[in-house]
Amino acid sequence: MNPPCGRCNKPVYPTEKINCLDKYWHKGCFSCEVCKMALSMTTYKGFEKKPYCSMHYPKTSFTIVADTPENLRLKQQSMLNSQALYKEDFEKNKGKGFSVVADTPEMQRVKKTQDQISNVKYHEEFEKSRIRSDAPPPENRQEQPSNPERFSQPVGKTRPAAVAPPSGERRYQAVYSYVAADADEVSLQEGDLLSDVERIDEGWMFGCNQRTGQRGMLPANYVRPV
């Protein structure tokens, strides 16, 4: 038996049948509900199982609820219920993993003391890190051997012979202390001023320590120009 058309309710024969929106339609009956423009399977838009064209497709709109006295009462009642539930949950969880600490003068004093201790530790760590950053590189750092009067030369490196270069006017300052390892070397203390300094090679210089009056070889990475 042939099904009825979704618009005219007349039988729809297979040669003119369109199956869409859970209904059967004649090709001529499958048109927009508003303007009656003929539609196809690619141009229609369905709404509540009725075909529409793009121009007359119903637009969804939001419903505005007026603030009537009854709605305001329900809103207030809902807020009161939420507050009651929050207070009930708070009372149940009180003492189960957290507690409220009163901000008493004693607690304020303890908090202030803890902050001061934290600041002291921070400054201590900062000073230690600054000292470590100011230390000479590991390959040039002065070691502390069993005999403090000697300074071991790096393995594989030889120091040139002490030969006084022509007098110069360059002045340097010692940034690290150094203990002379040979008779032709100059001992240094941090802050010593050096005059008539000339570079011998990449790692050694020749100069005069103004504090002691000694002239001789000194490590180049222990001084800086002034």
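Keep in mind that glycine also has a Cβ here, set from the backbone N, Cα and C atoms.
Curation does not apply to TrEMBL; its annotations are automatic.
According to TrEMBL, the protein carries these features:
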type: COMPBIAS; residues: 124-133; note: compositional bias 'Basic and acidic residues'
type: DOMAIN; residues: 3-63; note: domain 'LIM zinc-binding'
type: DOMAIN; residues: 167-226; note: domain 'SH3'
type: REGION; residues: 124-168; note: region 'Disordered'
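Broken down by DSSP into helix, strand and coil, the domain 'SH3' (167-226) contains 3 helix, 27 strand, 30 coil. Note on the domain 'LIM zinc-binding' (3-63): DSSP counts are 3 helix, 19 strand, 39 coil.
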